[in-house]
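Copied over from TrEMBL:
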type	residues	note
ACT_SITE	Lys46	active site, proton acceptor
MOD_RES	Lys46	N6-(pyridoxal phosphate)lysine
BINDING	Arg142, Met312	substrate binding site
DOMAIN	243-368	domain 'Alanine racemase C-terminal'
ACT_SITE	Tyr264	active site, proton acceptor
Amino acid sequence: MNDGTPASRFADTTRAVLTIDLPAIVANWKDLAARGAPGAVAGVVKADGYGLGAAEVGRALRAAGCRHFFVAQLQEGIALRAAIGAGPMIAVLGGFPPGADGDAGLVPVMNSLADVAAHAAATRASGVARRAILHVDTGMARLGLDAAERARLSADHSLLAGIELLYVMTHLACADEPAHPMNAAQAQRFAEACSDLPMARRSFANSSGMFLGPDFASDLSRPGCALYGINPTPDRPNPMRQVARLDAPVLQVREIPAGTPVGYGASWTAPRPTRIATVAVGYADGYLRSLSGKAVADFRGRPVPLVARVSMDLTTFDVTDLPEIAPGDRLTLIGGAGCSPDEVGARAGTIGYEVLTSLGARYARDYIRG
Ligand SMILES: *Cc1c(COP(=O)(O)O)cnc(C)c1O
């Protein structure tokens, strides 16, 4: 156990524990690396490794042989470089101005011709070629060169002069829906864009895209969510291993008569004599308030229904049918039976990605290192 806090904090029986299984992340990456071969497979560790700790995840993946990482923002890249050391490529999806990475040696993603011009000009000024990735938009309308910019670039490759173009990349909008016509349309547009830029390698699929077949293979796949146990094939059983588990302690168990309201807004009233277990996790910990009345926790394989509203620091569960539950016991709120991040997300009206990236800072973090 080591989250950088004194070991004694794990002895605090009133604090929830987030267990992060680094060997499971590595196993997921190796599965994906085999699937992406002969192309390379990166690790996407933006948003602090989808909430699970970019430094820890980055070091584990690097030790497993991962040579390419993606983050969203410059400061994430600088922190990741400090964590994993020199060597692997760290690309910043949002880009950054030339030189803003200091000596971290990051690779900017160029998302427009203006970005291309800035990096090309900096190269000319310094005489040192700059490595970069070019993002072409094929269907997101978010970042990346649009069709008009792509046409200007294909008519004048000298716009790239001096830039060492590592990859041309694009990003899929609907990869988790295999039958969606966007997928084939984006593959077609990407193939056209790449045929205009034959000197560069290609980076295409995210996690779900890696399951769409050979048209979505490339020199560098960019899985994120699947590393962390989110199902990249939502219409089929999850091929990935579970990675994160949140165990929260019961602070108190009380018996209430039928007719007793529970929690803010008195939104739930006990329909029968009920035992209520109050657990030390709330929406401030990323246990989303939209789970109010909707989630289940897992106690040794048995479902425990959440009742009433999730409040900031506390959540209540109906343990009438589990009389053995006592203060100090821990319920698994995320990562147990019936409460995978995907299932919690579905119950909250969101997706597993948001569940993971919302995980709070108050948990004791227990990294399994294998
Ligand atoms: C987040 C992101 C990924 C990873 O996506 P997942 O669906 O988590 O696998 C890949 N590429 C880009 C551009 C992204 O923004």
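The backbone N, Cα and C atoms fix where each Cβ goes, glycine too.
Whatever TrEMBL says is automated annotation, not expert-curated.
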Q | Arg142 (substrate binding site) in three-state DSSP notation | A | coil
Q.
Using a Cβ cut-off under 8 Å and a sequence separation of 6 or more, which residues in the same chain sit near Tyr264 (active site, proton acceptor)?
A. Ala308, Arg309, Ser311
**Q.** For the recorded positions Lys46, Arg142, Met312, the one whose C-beta sees the most other C-beta atoms within 10 angstroms
**A.** Lys46
Q. In angstrom units, rounded to an integer, how far apart are the Cα atoms of Met312 (substrate binding site) and Lys46 (active site, proton acceptor)?
A. 26
Q: Using DSSP reduced to three states, classify Met312 (substrate binding site) as helix, strand or coil.
A: coil
Q.
Measuring Cα to Cα, how far is Lys46 (active site, proton acceptor) from Arg142 (substrate binding site) in Å?
A. 17
**Q.** Mean per-residue pLDDT computed across the domain 'Alanine racemase C-terminal' (243-368)
**A.** 98
(Q) Across the domain 'Alanine racemase C-terminal' (243-368), what are the DSSP residue counts per state (helix, strand, coil)? (A) 23 helix, 47 strand, 56 coil
